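Structure first, commentary second.
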Amino acid sequence: MTKAPVNVTVTGAAGQIGYALLFRVASGQLLGPDTPVRLRLLEIPQAVKAAEGTAMELDDCAFPLLAGIDITDDANKAFAGTNIGLLVGARPRGPGMERGDLLEANGGIFKPQGEAINAGAAEDVRVLVVGNPANTNALIAQAHAPDVPASRFTAMTRLDHNRAQTQLAQKLGVGVSDIKKLTIWGNHSATQYPDIFHAEVNGKNAAESVNDQQWLADQFIPTVAKRGAAIIEARGASSAASAANAAIDHVYTWVNGTADGDWTSMGIPSDGSYGVPEGIISSFPVTCSGGEYQIVQGLEINDFSRQRIDASVAELVEERDTVRKLDLV
Ligand SMILES: NC(=O)C1=CN([C@@H]2O[C@H](COP(=O)(O)OP(=O)(O)OC[C@H]3O[C@@H](n4cnc5c(N)ncnc54)[C@H](O)[C@@H]3O)[C@@H](O)[C@H]2O)C=CC1
Ligand SMILES: O=C([O-])CC(=O)C(=O)O
């Protein structure tokens, strides 16, 4: 190891996603094969023992890039000096629950974590919120970290992006890597809008290649938007390995950049682009380079897309207003 280790804090480390995520972080898939990592695992006191068990298994993998593991139930210790915060720990949705039901329960988790990040994280800290409702949880954390640039707080819509990529590839009978420039707009919820109007399939416009408005409206969009619920129905538990995979993709792309001629989707604080009210954490098409992201500008938004973006953004505004009333932002 030549480089100094990067501190990666994972909350909810003993949970399902944590178990699918930690081994991939420790093996170098989060930051690349040349970057050693030191893991900081944050859990609630009752789950610290389980996190210790996972840490024993991590040790048993003898990952060359793993420089150490600290386990704690104290957010201030977990985030002291952290460079990457993966905020996974939250109460997951059960059958029949919508993500919004979780706002209040999870508000109490993300406020102190935002404060701890503000108090002690490294100057270059980058935060990905996975725990649902991810966009508004990210807003709560960000609101309590006034000394950290707001742009460092992001929410995960990469799983939705990846889901959309596969659905579209399967419809067109192409490989996933033939598909570029998909966008998830809005909230990581059933109102999200997966947009194929600017997507390209082997260089051709995806919406024109599909040429099936009914499939788009009645199959593609609901399949992607409700995939989380479909997984819960099928597995009896929420998506874990695919969510961990998307978290790895999100951070890897943020740090290492998007490929030329492509973009990705990230939940980020709005700067007002595309009529999304400033400050709410909404998913946008972004390119990444040099560890920074930029919203893709200048896309023409047709009426079909406009309605759907507006609906998802309206839900985010409602969530923000709810957490405002609860004094969480
Ligand atoms: N954004 C996205 O695309 C996705 C988000 N999710 C969300 O991710 C979250 C985690 O999911 P799972 O790992 O399946 O849940 P899980 O219930 O298996 O694990 C959650 C873990 O968080 C821990 N935890 C609770 N409060 C905590 C706190 N204050 N500090 C640290 N740890 C705490 C729990 O003890 C538990 O070990 C859920 O909110 C789920 O809805 C899941 C899939 C996709
Ligand atoms: O639906 C859930 O609660 C889990 C999740 O966010 C997803 O799989 O997209």
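Cβ from N, Cα, C; glycine included.
Since the structure is predicted, the reported quantities are computational estimates derived from the model, not experimental observations.
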Kindly point out which candidate in Asn106, Asn162 is recorded by TrEMBL as part of the NAD(+) site with Gly12, Ala13, Ala14, Gly15, Gln16, Ile17, Gly18, Gln113, Val130, Gly131, Asn132.
Asn106
Sequence gap of 6 or more, Cβ distance under 8 Å: name the residues on the same chain that satisfy this around Ala14 (NAD(+) binding site), in order along the sequence.
Leu41, Glu43, Ala47, Val48, Ala50, Ala51, Gly53, Thr54
Report the binding-site residues (Ala14, Gln113, Arg163) that meet this criterion: Cβ distance to the nearest atom of ligand 1 under 6 Å. Use sequence order and write none if nothing qualifies.
Ala14
Considering all pairs of residues in Gly12, Ala13, Ala14, Gly15, Gln16, Ile17, Gly18, Asn106, Gln113, Val130, Gly131, Asn132, annotated in the record as contacting NAD(+), what is the maximal C-alpha distance expressed in whole angstrom?
20
Let me know how many other Cβ atoms fall within 10 Å of the Cβ of Gly131 (NAD(+) binding site).
26
Quick one: of the binding-site residues Gln16, Gly131, Asn132, flag those whose CB is under 6 Å from ligand 2, and say none if nothing qualifies.
Asn132
Distance check against Asn132 (substrate binding site) for the binding-site residues Gly12, Gln16, Gly18, Gln113, keeping those with Cα within 10 Å:
none
